[in-house]
Amino acid sequence: MENQENENTDRANVGVAESQKSKRSASHGMGMFPFTIHQFIYYGSLTVIGFASLAVGFSVAVAGGSEAKVRSALQEAFPAASVKSVQCRKSHKGLCEVVTDTNRVFFVDTKAHYAFLGAAVELTSGRELVNERVQALAALDGGLPRSGGLPPETAPAPAPAPAQGAPAAPPQGPTNVRVDLPKSNAIVINPGGRLKLTAFTDLNCSYCARLHEEILKDPNIELTEYPIQLLDPSSAEKAKLVLCAEDRPAAARSIMSGGEVSVSKDCAPFARMVAENTAFAHRVGIQGTPMIMRADGTVLSGFRPVDQLRAFASGEPQKAQRVAGPPANPTSATN
């Protein structure tokens, strides 16, 4: 008798649990995503969770693994969430990177059986992919000028002016950098120009491409440009190919405009140059691109038009002030 009562109680408990599960599922639209994933997308929860064996509706919807299908399936599952981008790169080997409108980054496998939230470490290199990507996104969203820089529709809101008598906020990132890297590690534009500037750039950075265009407008400005890997893993490979090319400035322009670079020699030795440039940039605290320095080490962060670059290189900082916005600093949020 007692055993039967216990059995009945167990069945009742199971029934309650199933009922509660059903209610939770209904409250989340499709009934197949744990709330922790919902939290992550909306609130930025750092909970690490994987979900296996998702309901067939989601899995079948993205069976092809294409970015468009992954985006569509995510939006169907989370209609109130805004997915900014989905990228299924070959370098991710079966994973699609998802970025929300609040710059939350997570991965979904191409068949949508699993979502991976939290840290994602590439074992061969030790790189932490999520944090690296978040920093790169931060550099884009928080570190570019609003005028002559970010398009108006994506420009961050202007910072409030400090109260009268209050000290100005300290600058973010390095303010003076003495570059001791060999010039052989660099792309040199307008060699022999009277005015000298140095810059750290990423070949996936659209404002670095615009910097090239501006420098070419004044042959008196020589730009020594050290390509680094900051915004994307592919930046290192692109930088290696550019440094390996016979005409480095032309190769950089081709890469930045979406073209290709053909080289006939072994480019492996140039990977070391990119690694040296990147290590130096990390060591001195460079967290956004482009980052520009003049001969005395003074730093100018972000894209500037040629007249401001000329004034800055000439030692006239008042004429080269940033139009708006803080210096590039992904820890506060490349293209």
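Placement of Cβ uses the backbone N, Cα and C atoms for every residue, glycine included.
Now, the feature entries from TrEMBL:
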type	residues	note
DOMAIN	63-129	domain 'Disulphide bond isomerase DsbC/G N-terminal'
DOMAIN	192-311	domain 'Thioredoxin-like fold'
REGION	1-27	region 'Disordered'
REGION	145-177	region 'Disordered'
REGION	314-335	region 'Disordered'
TRANSMEM	40-63	transmembrane segment
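Mapped onto DSSP classes, the domain 'Disulphide bond isomerase DsbC/G N-terminal' (63-129) shows 15 helix, 20 strand, 32 coil. Mean model confidence for the domain 'Disulphide bond isomerase DsbC/G N-terminal' (63-129) is a pLDDT of 73. DSSP labels the residues of the domain 'Thioredoxin-like fold' (192-311) in these numbers: 54 helix, 22 strand, 44 coil.
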